[in-house]
2 protein chains.
Amino acid sequence: MKHFLQNFLLYSIGIFNEFFLEYSTASITYFLPNSTFPLFTSWMAMSKSSYMRNFAFTAINNLFYMLRIKAFMLLNVILLESALETVPDEILDHPSVKNNAKRRRKEPKSTILDVSIHYHAMRNLKEKEKRGRPDIIHSAMVLLLTDPVVKVNLYIHTINSLLIKVNSDIRPPKNYERFIGLMEQLFEYGKVPPESDTPLIEITKCTLDDLLSKYKMVLLTEKGERKTPDYLCNLGEEWIIGLGGFPHGDFNEQIYKKASERISISDHVLETQGVICRIMGSCNQLVGWP
Amino acid sequence: MKHFLQNFLLYSIGIFNEFFLEYSTASITYFLPNSTFPLFTSWMAMSKSSYMRNFAFTAINNLFYMLRIKAFMLLNVILLESALETVPDEILDHPSVKNNAKRRRKEPKSTILDVSIHYHAMRNLKEKEKRGRPDIIHSAMVLLLTDPVVKVNLYIHTINSLLIKVNSDIRPPKNYERFIGLMEQLFEYGKVPPESDTPLIEITKCTLDDLLSKYKMVLLTEKGERKTPDYLCNLGEEWIIGLGGFPHGDFNEQIYKKASERISISDHVLETQGVICRIMGSCNQLVGWP
């Protein structure tokens, strides 16, 4: 019954807001100084229940609309067991690896493993169905880091347990070849650009456990409890959203255990870009599609 | 006042639905045969007003939920003035064009123009800021054609006024190099696969005008009337959604004139993948994030 009453309240607020926005905004402009802005965001962060958060978002969104302030949202995201690595030692001598390295004017061990190039070489590789798909990380980065409203604090955990931190100021290259070049540089020098003190991408010295001592992780998995994606937008800054960065198969059991919560956002099996689109769409909808 | 009353009604239905779903679904399973399904979709298509459509969607979504039928949605989309073409005659002799063609073992005139390869060659090209970005078409195709709920009937209109029809059964290659290979094949043989009677992608003999005698076009442009993206999901099958398939600049004046409606779905300037994510997210939200 509590849920029903909460919804009743939310819908009533909704009716009021619709009415208010429809008939009142024309005459209201900037009657509050911008300095009240942090006040409201901290109120939002303080609200622990999802109901209060929803209420806060709606209120702030309408306030923003009235004041013509552009709304924003911040998410913490980690791509887990990402299929991103340099060519492993076992297959360095394979002709497809050597030819590709020669064409790129690199040492074979400095090139990125890619199943579309190294298909035959990868035949006997351990867990091969989860490896060699840098394109997944590329499209995820482009989708997560180009939204003007939803800003993402992004980490990439690789299949080899490296933890990569991506600066949210990065403009990820849209071109795949350029992205591969960037990743080759990252694995060779540990950061991009190699000489920078505030790099755009960096291989950290932390482990996944170190990161998860700072955040609680909500893992997106088909086996999780069914929720709608707006649940993820409302979680708050102590949470990090864990998405699979691999094409097929399932999370390692260790990853399952590390998660504080396991949820599923669809009845369908979604690909990584589909999951990200739903999260970004849902968060944008919550702040009124600014 | 009409809008206010409509919203009041919708919210009331929302409260009822929430209550109904919360307390009743456990005991309801498959009490209607699947054959009632087309009945409801045609009811939905018949409803001309956006209010009735919204109502229909909510009702059908809840019915689907009760019956455990998976909801779906169909959109017509056209990418306009897409930055997808083979290298034009003017720059066929440029070293970067020749080298790339040699590497791909193709004739220079059969390779795809790509600014990340042909940057210097394109320096004097007409409308160069709108050309040579096949990556935009690639990421748009992947996002539009991999959603399990929203099915897209996709056309690609190129900067050279070719009209390409994409079969909705296609599984677009995730790898950029493979996509480029596919496009080279398309421009060489007019269809992919070259021998097929029911090709996955085909250069049609139609013009944009021919297509727009069949559909009414809603053009997404910064200069359009501000709407939320769900507006596009509710339009119905006689409409086609026109998106820019180029990186910078504006639509050709001719394209503006051909549109029946011009709308904007954000206060921000969005990139093509951002626009598509919002549309897909919004349509999925309308059918209850299945």
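Placement of Cβ uses the backbone N, Cα and C atoms for every residue, glycine included.
Here B:Arg133 (site 'Interaction with substrate rRNA') comes close to B:Ala83, B:Leu84, B:Asp114, B:Val115, B:Phe246, B:Pro247: these same-chain residues lie at least six apart in sequence, with C-beta atoms under 8 angstroms from its C-beta. Here TrEMBL flags B:Arg133 (among others) as site 'Interaction with substrate rRNA'.
Residues annotated as site 'Stabilizes Arg-xx' in TrEMBL: B:Asp135. B:Asp135 (site 'Stabilizes Arg-xx') is surrounded by 26 other CB atoms, counting those within 10 A of its CB over all protein chains shown.
Marked as site 'Interaction with substrate rRNA' by TrEMBL: B:Arg171 (among others). Counting only same-chain residues six or more apart in sequence, the Cβ atoms lying under 8 angstroms from the Cβ of B:Arg171 (site 'Interaction with substrate rRNA') belong to B:Leu145, B:Thr146.
The annotation site 'Interaction with substrate rRNA' is assigned in TrEMBL to B:Lys174 (among others). All protein chains included, B:Lys174 (site 'Interaction with substrate rRNA') registers 22 other Cβ atoms within 10 Å of its own Cβ.
TrEMBL lists B:Arg178 (among others) with the feature site 'Interaction with substrate rRNA'. DSSP assigns B:Arg178 (site 'Interaction with substrate rRNA') to a helix in the three-state reduction. Within 10 Å of the C-beta of B:Arg178 (site 'Interaction with substrate rRNA') we count 14 further C-beta atoms, all protein chains included.
Within 10 Å of the Cβ of B:His268 (S-adenosyl-L-methionine binding site) there are 14 other Cβ atoms, across all protein chains. In the three-state DSSP assignment, the secondary structure recorded for B:His268 (S-adenosyl-L-methionine binding site) is coil. Positions annotated as S-adenosyl-L-methionine binding site by TrEMBL: B:Gly244, B:Gly249, B:Ile265, B:Ser266, B:Asp267, B:His268, B:Val269, B:Leu270.
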### Summary
Here the recorded positions B:Arg171, B:Gly244, B:Gly249, B:Asp267, B:His268, B:Leu270 meeting chain A with a Cβ under 8 Å reduce to B:Asp267, B:His268, B:Leu270
### Query
Which one of these binding-site residues, B:Ile265, B:Val269, B:Leu270, has the sparsest Cβ neighbourhood, judged by other Cβ atoms within 10 angstroms?
B:Val269
### Task
Provide, as an integer number of angstrom, the distance between the C-alpha atoms of B:Arg178 (site 'Interaction with substrate rRNA') and B:Asp135 (site 'Stabilizes Arg-xx').
12
### Query
What kind of secondary structure is B:Asp135 (site 'Stabilizes Arg-xx') part of, going by DSSP in three states?
helix
### Query
Given the binding-site residues B:Gly244, B:Gly249, which one has the fewest other C-beta atoms within 10 angstroms of its C-beta?
B:Gly249
